[in-house]
Amino acid sequence: MIFWLRSVIVTFGRPAEWPRCLRHLCSRGAAMDLGPMRKTYRGDPEAFEETHLTSLDPVKQFAAWFEEAVQCPDIMEANAMCLATCTRDGKPSARMVLLKGFGKDGFRFFTNFESRKGKELDSNPFASLVFYWEPLHRQVRVEGPVKKLPEEEAECYFHSRPKSSQIGAVVSHQSSVIPDREYLRKKNKELEQLYQEQEVPKPKYWGGYILYPQVMEFWQGQTNRLHDRIVFRRGLLTGDSPLGPMTHRGEEDWVYERLAP
């Protein structure tokens, strides 16, 4: 940890190792200046140029980067993503979830329909996904409309999960207020006994969504903060539509551009 005190930078380790006066300041809500916290990213020779695109189809480009993330030993969950949703009156919320499949038709994830994200997607069926692979200094952002997956697909995936996860989905009415953790333990134990010798039925309030990508942005970090940003968006379907001088035609109905960092 770095703490600014009268223009002197003082560096500390874990909170338990901080001086008592600093722990007191933090507990009192003192402002923390995190300005000096920064990491070295890539150098200019490793810049992400347009010629480095694996494909002019952004879903295929995502697949290439995703595979690199999967193969990277320092990335524990390459399919972890931040899912951002929003109420109809503009109040956003975000949380980490797991990507469970992707292809030309979209990006799949599963959750509880009665959760906050489920309710927000019901009233405002648009979302944004962000994948951040820190060891590779890469980020991918995906935006688009969201719809529920067919019940058969949700049923199939639900029963492919470990039985403990299936029971967990039945136990937890996600985002509802509960008295304590013991409440979950007790209910979980009851259902483990109930379904010991039988299949766990998928709750009606649990299922999947698919986000159809309309915008996909690929970001790669540079140490000098002149980061690389190449964004794909769905353009006009007519092949003879004129493009701007800095807009390039991708595959099918995609166009792409470089954005200032």
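Positions of Cβ are set from backbone N, Cα and C atoms, glycine also.
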Of the candidates W206, W219, the one that Swiss-Prot places in the FMN site of R95, M96, V97, L98, F110, T111, R116, K117, Q139, Q174, S175, R229: W219
Nearest of the binding-site residues (R42, D44, R161, H227) to V97 (FMN binding site) - Cα to Cα: R161
Of the binding-site residues listed as R95, F110, R116, S175, the one whose CA lies nearest the CA of H227 (pyridoxal 5'-phosphate binding site): R95
Pairwise C-alpha maximum, in angstrom, for the residues (R95, M96, V97, L98, F110, T111, R116, K117, Q139, Q174, S175, W219, R229) that bind FMN according to the record: 36
R95 (FMN binding site) - helix vs strand vs coil (DSSP): strand
